[in-house]
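Participant: Reproduced below are the annotations present in TrEMBL:
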type	residues	note
DOMAIN	223-390	domain 'Helicase ATP-binding'
BINDING	Cys449, Cys452, Cys489, Cys492	Zn(2+) 1 binding site
BINDING	Cys458, Cys461, Cys476, Cys479	Zn(2+) 2 binding site
Amino acid sequence: MQPTQLIKVALPIPLKQTFDYQLSEKELEKATLGARVKVPFGNRQLIGLIVELSPRPSIDITRIKPIIELIDESPVMPEHLILLLRWASKYYQASLGEALFSALPPPFRHGKALKQEKYRKWQLNTPDVTAENLNVHLSQIRKNAEKQKELLTTLSQSSDGIYEQSLRSMGFKLQQLKTLKQKKLITDNNVIPEIEAYKRRDSDDSDQLLLNDEQKQAVQSAISGEHCFQAYLLKGITGSGKTEVYLEIIEHFLVQGYQALVLVPEINLTPQTLLRFQARLPDAKLVVHHSGMNNSERLEAWHFCQTHRASVLIGTRSAVFYPFKKLGCIIIDEEHDTSYKQQDGFRYHARDIAVKRAKEHNCPVILGSATPSLESYINAREKKYKLLTLNERPGSIQLPQVELIDIQTRPLQAGLARPTIKSIESHLKNGHQVLVFLNRRGFAPTLTCTECGWIAKCNHCDARLTYHNKGHVLRCHHCNYQTSAPNHCQDCHQSTLKLLGQGTQQTEAFLEQTYPDTPLFRIDRDSVSGKHQMETLYHQILAEDAALLVGTQMLAKGHHFPKVTLVVVVAADDGLFSADFRAEEKFSQLLIQVSGRAGRAQQPGQVIIQTRHSHHAILQAISRLDYDHIATTLAHERELMTLPPFSAITNIRGEGKNESDTFTLLQNIAEKITTGLDTKQQRLVGGGSISGPLPSLLPRKADRYRFYLTLKTPTKPQMQKWLSSIQTILADFTPNPQIRISLDIDPVEIG
Ligand SMILES: Nc1ncnc2c1ncn2[C@@H]1O[C@H](COP(=O)(O)OP(=O)(O)OP(=O)(O)O)[C@@H](O)[C@H]1O
Ligand SMILES: [Zn+2]
């Protein structure tokens with residue numbers, strides 16, 4: 001066997017290496033990088049991706065097994081994407097195979113064949129067969145094979161071939177094509193259908209808004225670099241028209257024949273967003289990617305991007321891995337949103353990958369937000385990203401007035417203070433809409449006994465059970481355990497049970513009772529399932545005048561409800577005090593986003609934030625909607641404590657059924673890592689430190705105990721060096737099926 005008949009294959013398994021297989025000569029002719037193969041692996045058969053042709057063998061050549069089948073004759077994944085995922089799998093310490101296969105649409109993972117006929121063109125086998133000598137060849141075809149003759153004649157009339165799809169719609173069969181090919185009369189090749197160039201529309205079109213000066217300036221800066229890499233942070237207050245800026249930038253690149261990738265958090269990929277893009281870019285071939293799509297939709301979207309038949313892809317996190325022919329720009333909307341971080345399996349950060357990707361494609365990337373992540377904030381401050389700012393809302397629209405109402409000593413009704421209720425009343429009376437925000441579903445988060453202090457807790461998690469009035473049940477929001485709600489205390493058996501705290505159902509019940517004639521819409525994960533329902537609700541809300549909207553962040557982020565003039569935050573303090581060093585950042589981002597839903601059209605907006613800590617500096621700054629102050633303060637604190645972005649961290653998580661075994665395993669890993677650091681390595685990793693094991697924020701979830709270790713180094717490259725040197729240490733801990741160890745690089749959440 002020649003080494004040239006070998007390939008390296010990445011398999012969707014946690015093992016980090018790639019595997020050698022051999023091909024027959026015939027297979028070798030057809031094999032390409034990025035094509036799939038079916039291979040034997042132990043006593044299983046797996047689908048893998050070819051990541052190297054003719055490599056040097058990594059094991060004794062006689063032990064290399066042949067593949068079972070070559071599935072594709074053209075790549076399902078282009079080379080540039082394989083390179084990107086190779087980098088990402090290294091950075092995030094995942095196996096290359098797992099990274100590649102998590103990027104591919106699911107049907108590809110299961111070995112489904114790539115549909116080629118749409119793109120296959122057939123023509124005469126020139127120069128042997130031509131229109132001039134056609135009769136000679138026709139006479140070689142069997143007399144009664146009329147269809148074959150007709151097919152050959154048809155092909156002779158087209159100089160550059162005919163798509164297989166067109167031939168089939170003319171009534172020709174695949175078998176006839178194959179027979180003529182066997183006779184060497186015709187040939188086929190895969191071609192990419194041309195797409196029409198995008199045409200800029202007249203600027204007097206009604207869908208196109210006249211940008212204000214700030215917007216114009218932002219667009220100008222972002223397109224001035226033309227086609228070369230530059231990251232921009234578009235910091236624009238809520239309702240300042242960031243989307244219009246994105247659209248203008250995208251159009252600039254479409255006109256030049258480029259494609260655009262737009263990443264949005266799951267919650268923002270609403271039909272309104274799509275309509276807005278379609279209305280503004282009517283000639284753009286738009287495709288979407290989100291978790292609710294079925295397999296064939298995903299496959300089609302993938303094909304369309306790969307062949308440049310789609311010019312704009314709007315998608316959630318994993319859209320960052322779509323193949324593009326000619327990528328012109330990347331937009332990351334609400335770049336601070338933590339849903340860009342994948343929280344299990346291949347734990348990548350789509351924002352960071354997108355920036356890397358823009359570098360590879362040599363194109364600009366625009367990160368937009370009213371409340372940028374501290375990472376991007378600092379990158380802009382250090383001039384790594386160019387800062388573009390929008391400080392005003394277009395037209396004469398003002399930012400809302402924010403008022404803090406201290407509820408420490410006030411009587412509350414269903415969590416609402418008297419002045420809050422009064423304001424709600426006055427906005428409703430004026431025919432406006434009120435959005436009541438409460439980041440907790442269910443009726444009440446705690447059921448307790450007033451006699452003995454018993455609290456209803458989940459049997460499987462370290463968490464309280466939430467009472468849901470629908471069905472009179474207690475439910476765990478972490479593992480979905482559910483039980484019917486007791487009428488007596490489970491400890492002292494007295495009927496002295498009491499519900500504490502508010503969830504959306506309780507606020508809904510109270511408001512429904514108080515304003516029986518006002519339409520009320522509750523929007524949370526229990527009441528709204530799926531995009532269509534949200535879409536219907538959205539239209540109903542738009543059609544109403546005075547109305548009450550009660551909901552969780554599902555309602556509070558990214559939406560544009562023009563009639564909402566009052567936003568009420570029922571309980572602001574959840575999340576202000578937490579062991580998570582990012583808690584204050586996330587808290588401020590959410591509250592400023594929620595506040596930004598008020599007064600987005602002509603009517604001025606008002607925001608009421610109820611809190612028990614109205615003097616807290618963060619809440620004070622939120623009430624001025626002064627995110628800059630918050631970001632600067634938090635950045636200063638992080639710098640003092642050398643926390644990210646002023647250092648790099650990695651969490652090594654352990655999850656197991658037995659608490660002490662899990663703890664001990666992590667402790668042993670920590671010890672091994674510490675003793676493994678000789679002085680030279682110490683220098684290399686900049687005196688990196690390791691802490692823990694500590695219990696996760698939720699120490700037990702679904703009967704598994706969770707601990708984590710934290711590695712910290714001054715910089716990301718140092719972290720990368722350290723991680724590659726401790727790989728063998730981690731691999732040495734024989735995989736214990738009872739305990740799962742995973743690495744989370746640049747984590748956004750503690751456990
Ligand atoms: N130049 C403009 N002239 C008039 N209206 C505009 C202009 N730019 C944007 N708008 C309108 O302002 C509203 C808010 O714009 P958009 O949704 O783009 O803001 P945003 O910055 O993305 O807001 P958020 O971050 O709060 O989601 C929209 O209704 C939009 O049509
Ligand atoms: Zn639970």
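Positions of Cβ are set from backbone N, Cα and C atoms, glycine also.
So that I understand the layout, could you describe where these features sit and how close they are to other parts?
Facilitator: Within the model, the domain 'Helicase ATP-binding' (223-390) carries an average pLDDT of 91.
The number of other Cβ atoms within 10 Å of the Cβ belonging to Cys489 (Zn(2+) 1 binding site), over all protein chains shown, comes to 22. Classification of Cys489 (Zn(2+) 1 binding site) by DSSP places it in coil, neither helical nor stranded.
Cys479 (Zn(2+) 2 binding site) is surrounded by 18 other CB atoms, counting those within 10 A of its CB over all protein chains shown. Annotation note: Cys479 (Zn(2+) 2 binding site) sits in a coil segment as assigned by DSSP.
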Participant: For the binding-site residues Cys449, Cys458, Cys461, Cys492, which Cβ has the most other Cβ atoms within 10 Å, all shown protein chains included?
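Facilitator: Answer by Cβ density within 10 Å: Cys458.
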Participant: When the Cα-Cα distance from Cys489 (Zn(2+) 1 binding site) is computed for each of the binding-site residues Cys458, Cys461, Cys476, Cys479, which gives the smallest value?
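Facilitator: Result: the closest of the binding-site residues to Cys489 (Zn(2+) 1 binding site) is Cys458.
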Participant: Within 10 Å of its Cβ, which one of these binding-site residues (Cys452, Cys476) has the largest number of other Cβ atoms?
Facilitator: Cys476
Participant: How long is the line from the C-alpha of Cys458 (Zn(2+) 2 binding site) to the C-alpha of Cys449 (Zn(2+) 1 binding site), rounded to the nearest angstrom?
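Facilitator: About 16 Å separates the two Cα atoms.
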Participant: Anything from the binding-site residues Cys449, Cys452, Cys489, Cys492 with its Cβ under 6 A from ligand 2? List those in sequence order.
Facilitator: none
Participant: To the nearest whole angstrom, state the Cα distance for the pair Cys476 (Zn(2+) 2 binding site) and Cys452 (Zn(2+) 1 binding site).
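Facilitator: About 22 Å separate the Cα atoms of these two residues.
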Participant: List only the single closest residue to Cys479 (Zn(2+) 2 binding site), chosen from the binding-site residues Cys449, Cys452, Cys492 by CA-CA distance.
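Facilitator: Its closest listed neighbour, by Cα, is Cys449.
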Participant: On the three-state reduction of DSSP, what should I expect for Cys449 (Zn(2+) 1 binding site)?
Facilitator: strand
Participant: Taking just the CA atoms, what is the gap between Cys452 (Zn(2+) 1 binding site) and Cys461 (Zn(2+) 2 binding site) in Å?
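Facilitator: Their Cα atoms are separated by 22 Å.
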